[in-house]
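A.B. asks: Under the heading active site, for sulfotransferase activity, TrEMBL lists Lys162. Taken from TrEMBL, the feature 3'-phosphoadenylyl sulfate binding site applies to Lys162, Gly163, Gly164, Thr165, Arg166, Arg243, Ser251, Lys368, Gly369, Arg370, Thr371, His372. The feature disulfide bond is assigned by TrEMBL to Cys351-Cys363. Positions annotated as domain 'Sulfotransferase' by TrEMBL: 153-388. The annotation region 'Disordered' is assigned in TrEMBL to 100-134.
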Amino acid sequence: MAPPGPAGAHPTSAEPLSRSLFRKFLLMLCPLLASLYVFYCLAEPCQTLSGPVVGLSGGDEEAGAPGRRVLAGGPSELAVWPAAARRKRLLQLQQWRRRRPPALRDDGEEAAWEEEPPGLAGGPGGSGAGSSVAEAPAGTLALLLDEGHKQLPQAIIIGVKKGGTRALLEFLRVHPDVRAVGAEPHFFDRSYDKGLAWYRDLMPRTLEGQITMEKTPSYFVTREAPARISAMSKDTKLIVVVRDPVTRAISDYTQTLSKRPDIPTFEDLTFRNRTTGLIDTSWSAIQIGLYAKHLEHWLLHFPLRQMLFVSGERLIRDPAGELGRVQDFLGLKRIITDKHFYFNKTKGFPCLKKAEGSSKPHCLGKTKGRTHPEIAPEVVRRLRDFYRPFNLKFYQMTGHDFGWDG
């Protein structure tokens, strides 16, 4: 008979067996948990997977300096994300971009809307808890993800000034298939000598199925613009936002007055001779409203079917209805509907409802909705008489009665 072992030898004989079972259980459990984690990251926003760092930079300063927010990190870091998550992240960043504080351009228009930033998590498909991402220069997000490319615009909002072009552009930017330049490029009227390569570089990157747009209202009254745009592409779709030319002229004057309070009165600028009632058509505020004369130049280079005329008045009364027409014209799915708008009684025009993740509605800036100065009824009547034949001709040319003479 074998001698008994040391005290405690028999109880420890069971320990290797329990440890072996525990190890096997862990080996089975870990792959299961890993599979569930990967599935969760692909199917839903993954909060814990590391993503690009949101840093700060300003103008030409290095990343990390005070200024605008940009995404730090490059394609090599983002490559570790699953392809589906990368695309979802890109689309989410494009949809919920934060504008910089409104900055006045040389034409007095604001380049941005008043809005609060939506929160976006740092991982792919972040749900909005914790951090925010501000808009980087056009195309930066797609560049970081190594997706999309810059292309010349397939559609341009060519006019008219003070007609509602800014509102239309910002409404359209809600659509996931629209990528647009925020500021007015003024390429076909002021910077044509810089060339199409320079113009293309201003455009944001687009993904497959998205269209590139820009808006510069002065194109409509620029003699050279129709031929220049046609030379770029004869297939370019053109959108013209028109408004009662009398109201438009007063709005134009109001904008100028806000910047130059010492200018003559509206009445003094309107008439060459107040006694005879002769209208001064050399004043740009009056000249822009001669829509029929400007349209003649465009029809020499583009068929009417490639032009859409949007009513500035209806854009205020029924934004969803006008946006429906625009989406159809651009070949887009009707995504922007009534549910996206509410009427701001203070400003007197529609605004976009706050979207998920945003703390404030999207609404045009303080320079919009200015109170017009009171104009003598006799001056308004003479202007309506002056514009009436031009309006009627415009109705005939476009096949649409805008009702400005009712």
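Glycine residues also receive a Cβ, built from the backbone N, Cα and C atoms like all the rest.
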A.B. asks: I'd like to know the mean pLDDT over the domain 'Sulfotransferase' (153-388).
C.D. replies: 91
A.B. asks: Cα of Lys162 (active site, for sulfotransferase activity) to Cα of Ser251 (3'-phosphoadenylyl sulfate binding site): how many Å, rounded?
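C.D. replies: Cα of Lys162 (active site, for sulfotransferase activity) to Cα of Ser251 (3'-phosphoadenylyl sulfate binding site) measures 7 Å after rounding.
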A.B. asks: Within 10 Å of the Cβ of Ser251 (3'-phosphoadenylyl sulfate binding site), how many other Cβ atoms can be counted across all chains shown?
C.D. replies: 20
A.B. asks: Distance between Cys351 (disulfide bond) and Ser251 (3'-phosphoadenylyl sulfate binding site) at the Cα atoms, whole Å?
C.D. replies: 19
